[in-house]
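As structure tokens, the structure follows; a few thoughts come after it.
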């Protein structure tokens, strides 16, 4: 997390997290629909990671001097376990995979929206905040399971863009990643305040990247369909 990095240097876990998030973010943003199974594994991992991290942070336990590594390692383990379980279940229940992708997109969309809302408003109180986040996850997850392609393209682009800029902020330290921390734990480590120009710029770039990702995915999937259709027509003509 951004909190992992100190004000004067970037810690080892922040560097690892930053690089991984940038790679995952690019993959999800621009190839989320084409690489469905890979992205599903990643989405399930991220979902498990964030749920575990959020629970551990909000538990207000003292994890000692190695708190950053404990949070990081535990969250990674939970993410991997979630991903493995989801992939095993998806082999029998395809809609479950679609729901997971949609839920992750709803999660990041909720965080993006909450980032712009005054941290002192009622919706940032624990009960309302989590009701809103869970409601968005459920809504978008169901839409993904029903509508499939358009929602998958949209949610993977949104999720990917958020993960991408979260990774970038491990190095840039603009405060973008701290927005995620604040939404999830409501200022446990960092006192929430008005958005800075850098944070607004990162949120805007994140949204623009998500839109670009949606366009790229639509264009590339349409091109692949046209190529497959042309090959099929050529094969039928030969035979």
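From the backbone N, Cα and C atoms, a Cβ is placed for every residue, glycine too.
Since the structure is predicted, the reported quantities are computational estimates derived from the model, not experimental observations.
Record features (TrEMBL):
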type     : residues : note
TRANSMEM : 12-31    : transmembrane segment
DOMAIN   : 18-218   : domain 'TM7S3/TM198-like'
TRANSMEM : 38-57    : transmembrane segment
TRANSMEM : 69-89    : transmembrane segment
TRANSMEM : 96-116   : transmembrane segment
TRANSMEM : 128-146  : transmembrane segment
TRANSMEM : 151-168  : transmembrane segment
TRANSMEM : 200-220  : transmembrane segment
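Summed and averaged per residue, pLDDT over the domain 'TM7S3/TM198-like' (18-218) gives 85. The list of residues near the transmembrane segment (128-146) in space but at least 6 beyond its ends in sequence, with Cβ under 8 angstroms from a Cβ of it, reads 95, 98-107, 109-111, 113-114, 122, 152, 155, 183, 186. Touching of the transmembrane segment (151-168) and the transmembrane segment (69-89) is ruled out by the presence of fewer than three CB pairs under 8 A, sequence neighbours closer than 6 excluded.
Residues 1, 4, 13, 17, 37, 40-42, 44-53, 56-57, 63, 96-97, 100 of the same chain lie 6+ residues outside the transmembrane segment (69-89) yet bring a C-beta within less than 8 angstroms of a C-beta in it.
Remote same-chain residues near the transmembrane segment (38-57) are listed as 1, 24, 27-28, 31-32, 63, 71, 74-83, 85-87, 90, 97, 100-101, 103-104, 107, 156, 159, 163, 181, 184-185, 188 (criterion: CB distance under 8 Å, separation of at least six residues from the stretch ends).
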